[in-house]
Amino acid sequence: MTPPRLFWVWLLVAGTQGVNDGDMRLADGGATNQGRVEIFYRGQWGTVCDNLWDLTDASVVCRALGFENATQALGRAAFGQGSGPIMLDEVQCTGTEASLADCKSLGWLKSNCRHERDAGVVCTNETRSTHTLDLSRELSEALGQIFDSQRGCDLSISVNVQGEDALGFCGHTVILTANLEAQALWKEPGSNVTMSVDAECVPMVRDLLRYFYSRRIDITLSSVKCFHKLASAYGARQLQGYCATLFAILLPQDPSFHMPLDLYAYAVATGDALLEKLCLQFLAWNFEALTQAEAWPSVPTDLLQLLLPRSDLAVPSELALLKAVDTWWGERASHEEVEGLVEKIRFPMMLPEELFELQFNLSLYWSHEALFQKKTLQALEFHTVPFQLLARYKGLNLTEDTYKPRIYTSPTWSAFVTDSSWSARKSQLVYQSRRGPLVKYSSDYFQAPSDYRYYPYQSFQTPQHPSFLFQDKRVSWSLVYLPTIQSCWNYGFSCSSDELPVLGLTKSGGSDRTIAYENKALMLCEGLFVADVTDFEGWKAAIPSALDTNSSKSTSSFPCPAGHFNGFRTVIRPFYLTNSSGVD
């Protein structure tokens, strides 16, 4: 009788229970000390490619499995070809790691290998002479339970909010003195300690004190600021540093943008320059989403004054940016503050018809009419007068930011492709605007010769330059996602294995020695936020690792929880090369 389907599912699950990512085993070796190296990751076993495989790497495997060392590091599927995915490639260990997962490599599931390159090892027959029973993992919870009991204490801890007691705990000096993170509680003599805490952080104090015992703590988007604040105030340097690393992970998790704004305000108040810089970068790259978010009306004026001068502001267009400021304005800012913001708008980046319509579409216009007329005149000169005359008679430096584009994501200046490793041949990114309908961006795949693979490819055109003088002069572009060396060859690019995948960009037409380009590539995570922005250098743009791995590639500024980017937007950014001092 055939066992029911549920039974087989049970067998499958049972076979991987108790196995952790990075665990290793030897297969098909005919003896316990040799075989094909297999490593566990995300619920399944896979193999390791023999690229760069050496005795140091093999010894890490052998020691992890209880042997003294490795005697041979074998490749070319010496113990037969495995099945499942190639988990790791180009592994480079130092010899001290607990697992191959801790060694430098291309990262999980990133390999051009086939199973005929599976790595194997032969370990010494001798196992280690010392056998260890290690129950230390239970110690953390046991110490936490001592704190939970609130018994047998010799230290009184009062939690004070604005001069009034809010909570009380007791502690055990003998445990706390063993942890430098808790030194603020025991370095002063006496049996009484008072902690002054902001009201919003009171609910986190118990978890902080328990952390001093168990050395384990759970941190969420809503609690990270308070834990960072408490750790900073009470000298818990490891916790403080760990919270700092979480900000980049947690910032994108609040689509309302209240938390990023709150963290920015916290960074300014505490003088945390690194956190302030991180918040500004996230808000700049995701400025379009911010303007559509619930928190947009509450963005403080001083923050906008820092964001609006930036060239890395990602917005559909300069007109869209000005309209967003108009929506934000209302009655919240003074006349002088609003004028300061309008001064930072790049009017030359708006077309003449857009400039003309401002008087009919903006509530700001008539309350600041003189300023708008002045900025409009400046922009119209840029659009209608050749740059040589502007530089000669007006003394304008056309390389200033006012005359250069930001990161404009509208179809006029950008194109989108997806990652072919998970896309179908015809794909779409669907972005749900918080204030509008679904917007879909489609991406075609290049019809290559029959012996080629299909790779996401987009042909598009842009104006040669933002000036209206160039509106009839079009430049043709081709954007392609290149995941392999072969794909680079197919499309005329030279790539090395350690830089893949990359985006390739080619240009045809519109040659002008006075115009240069600073093109950008936006890494999009789950259609929800911009995780990173890279430059096109030599017509290629690097694609960072979506998550922090042991890969030699840099990690995305804001990690993508999915483990991959769902798409890439390329933005064309032309500008004049010359300035007033060099023009005849």
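Cβ coordinates are placed from backbone N, Cα and C, and glycine is handled just like the others.
Between CYS62 and the candidates CYS113, CYS123, CYS153, CYS170, Swiss-Prot annotates a single disulfide bond, the one to CYS123. Swiss-Prot records a disulfide bond between CYS93 and CYS103, which is the match among CYS103, CYS113. Between CYS113 and the candidates CYS49, CYS170, CYS201, Swiss-Prot annotates a single disulfide bond, the one to CYS49. Put simply, CYS49 (disulfide bond) is 55 Å from ASN397 (N-linked glycosylation site) when counted between their Cα atoms. Comparing CA positions across the recorded positions ASN69, CYS103, CYS123, the one lying closest to CYS49 (disulfide bond) turns out to be CYS103. Mean pLDDT of the predicted structure over the domain 'SRCR' (24-124): 94.
For CYS103 (disulfide bond), the nearest of the recorded positions by C-alpha distance turns out to be CYS62; the candidates were CYS62, CYS123, ASN192. If you draw a 10 Å sphere around the CB of ASN397 (N-linked glycosylation site), it holds 15 other CB atoms from the protein chains shown.
Neighbours of CYS62 (disulfide bond) among the recorded positions ASN69, CYS93, CYS113, ASN192, ASN361, defined as a Cα within 10 Å of its Cα, are ASN69.
Among the recorded positions listed here, namely ASN69, CYS113, ASN125, ASN192, ASN69 has its C-alpha nearest to that of CYS93 (disulfide bond). Here the candidates are the recorded positions CYS113, ASN125, ASN192, and by Cα distance the one nearest ASN69 (N-linked glycosylation site) turns out to be ASN125.
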